[in-house]
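**Q** Before anything else, here's the structure in question.
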């Protein structure tokens, strides 16, 4: 996936850490070929190696040290020169619509830095330093509304981020909660440790900014506690699935003995049953789902929001088109990277050809031809450098496709919350209908006995009490369902608004950068054509 975030710990000369510029021998042309070191075309020494991702995206538009200077977003959209500033690792790009959303968030600063390897607290090893370890990160934050602008710095490990994500998923059902970075166990084994830690650090920082920019999650207590409470992670960790299943299995016999009298507590029905603590509820909801989907029995409550259903279908189509566009963006990046490397290899070939012509020259015509080859080599190397910088700009703008594709994961989760809440309501309503039917049967049987049946009468009263409890649970579940529906509605409106803003900025920036680079590359080749035109005319006159 393309990324516009800097990788911590990756130096400017660490070419292998960059996906857009592989290490190749033509990168050394500038140090061996004098035209690139002249006062009119020379670049600083640091420009000879691939820049870091952040540097590639924020070269000053007024710099004259590079053949092609990447335009800022302000220049690309006509906002005026000098309005963009270099992007730091602790704030989102000031040149994107996201800057406006971050400016409205609760936090003026969010940074994940200083990764450190620490030993597990409970680890015991006979050999010091050989026990299990983990990497912790320094999480720094400053609240925007704090008059004192206090800087909070706490240490968090990846497991703490997982706990935060779990808590947010429970507390903000129906919202499009930004997905946390994956654990990437395979990548951690394949990649170099420093590179993996740097990529994870950048991903965790992006994750925190996305949380802070969310209108509901940004000001939440969960995020504030995570960012500001010092010491051990203050949020209680969620119990693993295996423990929840064992707990649910221990409760199941008592629930089966109680039979239909077993009623889910109101505080339980507002959370999905798939957690595993209530296996009987899982079985009931599974049965309700099977009866509805397979048997074709109409449930007592159905999704009637036609606007939501239409929007859901359109989003599925949108995701398919977005996936295709994202794949084509990856192909474009690869093609531009190949073009840059090929152009650089061509420049290196002409450097060697120039060297050969110069050493073997015996006549002025040979020296002139060597000078022309030198000019072509210079232009080719500069064009290669331009292609590399253009690729960085392409990644910067088209990364919007990948970001919105990742948002679809949150959309599916929010819709799943809605479906789960609806299924809970349907199951409770079916339970009520079943209880009421059983009461009617007991009352009918008791009426046939002279004086009534005390056992059946007592059982009827027990069932009525169960109905009252189930009604309370249904009320809570229905309220939770309506709450999730409202969250879905507001989030869909927000998604539409942000999608328009992001894609407009993406298209403007992408088109402007492509046009600017193409124009300057053409200017470079036209200059070479003018410089070699005199030799071409002289050759023609000699032939004639």
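The count begins at 1 with the first shown residue.
Cβ from N, Cα, C; glycine included.
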**Q** Can you say which of 266-300, 301-335, 336-370, 371-405 is given as coiled coil in TrEMBL?
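**A** So the range that TrEMBL calls coiled coil is 301-335.
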**Q** Do you know the mean pLDDT across the coiled coil (301-335)?
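**A** Averaged over the coiled coil (301-335), the predicted model reaches a pLDDT of 91.
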**Q** How do the residues of the domain 'PX' (115-234) split into helix, strand and coil according to DSSP?
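**A** Across the domain 'PX' (115-234), DSSP assigns the residues as follows: 49 helix, 23 strand, 48 coil.
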